[in-house]
Amino acid sequence: MDFKVADLSLADYGRTEIGLAEHEMPGLMAMRERYGDSKPLAGARIAGSLHMTIQTAVLIETLVDLGAEVRWASCNIFSTQDHAAAAVVVGREGTVENPQGVPVFAWKGESLEEYWWCTQQILQWPEGAFANMILDDGGDATMLVHLGVDAEKTGVAPALDSAKSVEQRVVFQVLHDSLAADGSRWTTIANEIKGVTEETTTGVLRLYDMMREGSLLFPGINVNDSVTKSKFDNKYGCRHSLIDGINRATDVLIGGKVAVVCGYGDVGKGCAESLRGQGARVIVTEIDPICALQAAMDGYQVSTLDEVLPVADIIITATGNMNVVTVEQMQRMKFQAIVANIGHFDNEIDMAGLENFPGVVRKNVKPQVDVWTFPSNGKGAGTTIIVLSEGRLMNLGNATGHPSFVMSNSFTNQVLAQIELFTKTDEYPTGVYVLPKHLDEEVARLHLSALGVSLTELTADQAAYLGVPVSGPYKSDHYRY
Ligand code: NAI
């Protein structure tokens, strides 16, 4: 078996934590119970690009139990939990000397070159076979296939010349090298792929963009917008893991501090609530009047970042947008202000601008924590700020991401979406879809008893009065929760 992880001897530790996580992931366990015998994913070759954590290990082994062959990479250079990766490679039956699990290509602290090499490895099977399904988080695996097909048509040299960032250059270099090795691969991969199931807001945006421009090559299921994903993982998951990341990185008391949350979508709502829970005075920034009004009615001050920079101790970006915190703003921050991003990509904070700022000094405190000191601007010493995870998503870089129970909701949607696309391919022409509401309700239902929830049942009269079936779905598709 081919694989590349940090240290296989961590497998035992990983296996023990996977065992603990399984108990907290009733949705995935129910999938194993329900589909373990019928194996609806037999024949599926799933290329997974999603943070290689303990929770993801439970997802991977669920996909395997349902019949799939799987290869996995992480979707972020810092998010892999090395013990989880090792345990998945060794597998439930294997040993460190004789691993029998799933090929994983992921370790904490990859370089960009290594990251894109890993992403490439998940798409090709030994003996010349290719993936026929993608399970993506942020859309990097999907993007690589699309760029590969483009590069095959037009050549990669012009793209290399026009690359706008270091990362883009690395991607094009990977394509350049792979095309030099075997010129016809990417179109073959794209033709094999039946579809992609996409985990997060940012990846879903990319899918809808490609669909609008007519460049999307295969169908996608938008898992993010299952209610039991975005209204749970994005919100309650970040409510847990934002604070976890700040504490592990800095150990600074949050109570009494002024914390700014940029963006009051699902992620921002969870972040603001958790910071308030710690006793911070929370200020929200927004560009959308509806979300700004929501934040105000939830009791937060809503301002612009420029207005509150002089008082802000902690600044968190949660927008999925670019350049939300500029290097010019970083220079005006308080001494030792903490700056961190919980959105998907590292361009929310202008890290490129910070790295290239003349005279700025970076001191690494410990992995994923850096202190940056600006030079004097002629009016006294330059300020010092603390940046987490190099501007990449800090809840997975500085902590261990969301806990198992909330990920069970997200990943049960992923499993259902994979089954849906793989077994009913003909019903999904190229386009972007969400799972039907009855499945969303089913995911929630699978998680109720673990929390001791007793659900009230509709009577037949009440159901008729509301105009819904007794067994659901209970809401129309446009209901917003
Ligand atoms: P969302 O679309 O619900 O919320 C983003 C909010 O940011 C919107 O309300 C938007 O109006 C606002 N916004 C955009 N530009 C802004 C600006 N310049 N200043 C202030 N506000 C601005 O998206 P969601 O689901 O909250 O996701 C946000 C990001 O977090 C995405 O990149 C998503 O992929 C990522 N994500 C990260 C997770 C993690 O574990 N770290 C979990 C789930 C999502």
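Backbone N, Cα and C atoms are what each Cβ position is placed from, and that goes for glycine too.
Taken from TrEMBL, the feature substrate binding site covers T53, D137, E199, K229, D233. Taken from TrEMBL, the feature NAD(+) binding site covers 200-202, N234, 263-270, E286, N321, 342-344, N395, H402. As annotated by TrEMBL, domain 'S-adenosyl-L-homocysteine hydrolase NAD binding' applies to 234-401.
Only T200, G265, G343, in sequence order, out of the binding-site residues T200, K229, G265, G343 have a CB under 6 Å from ligand 1. When secondary structure is read from DSSP and collapsed to three states, G268 (NAD(+) binding site) falls in the helix class. Of all the binding-site residues listed here (D137, E199, D233, E286), the one with the fewest other CB atoms within 10 A of its own CB is E286.
Taking only the Cα positions, the spacing between K229 (substrate binding site) and T200 (NAD(+) binding site) is 9 angstrom.
Regional average pLDDT for the domain 'S-adenosyl-L-homocysteine hydrolase NAD binding' (234-401) in the model is 97. For the binding-site residues listed here (G265, G268, G343), the lowest count of other CB atoms within 10 A around the CB belongs to G265. When the binding-site residues T200, G268, E286, G343 are compared by Cα distance to D233 (substrate binding site), the shortest distance belongs to T200.
A 10 Å radius around the C-alpha of E286 (NAD(+) binding site) takes in none of the binding-site residues listed as T53, D137, E199. Cβ neighbour counts within 10 Å, taken over all protein chains shown, single out K229 as the most crowded of the binding-site residues K229, H402. The record assigns T53, D137, E199, K229, D233 to the substrate binding site, and the maximum Cα to Cα distance across that set is 17 Å. Using a 10 Å radius centred on the Cβ of T200 (NAD(+) binding site) and all shown protein chains, the other Cβ atoms total 27.
If you check the binding-site residues T200, N234, G265, G268, G343, H402 against D137 (substrate binding site), the ones with a Cα inside 10 Å of its Cα are T200.
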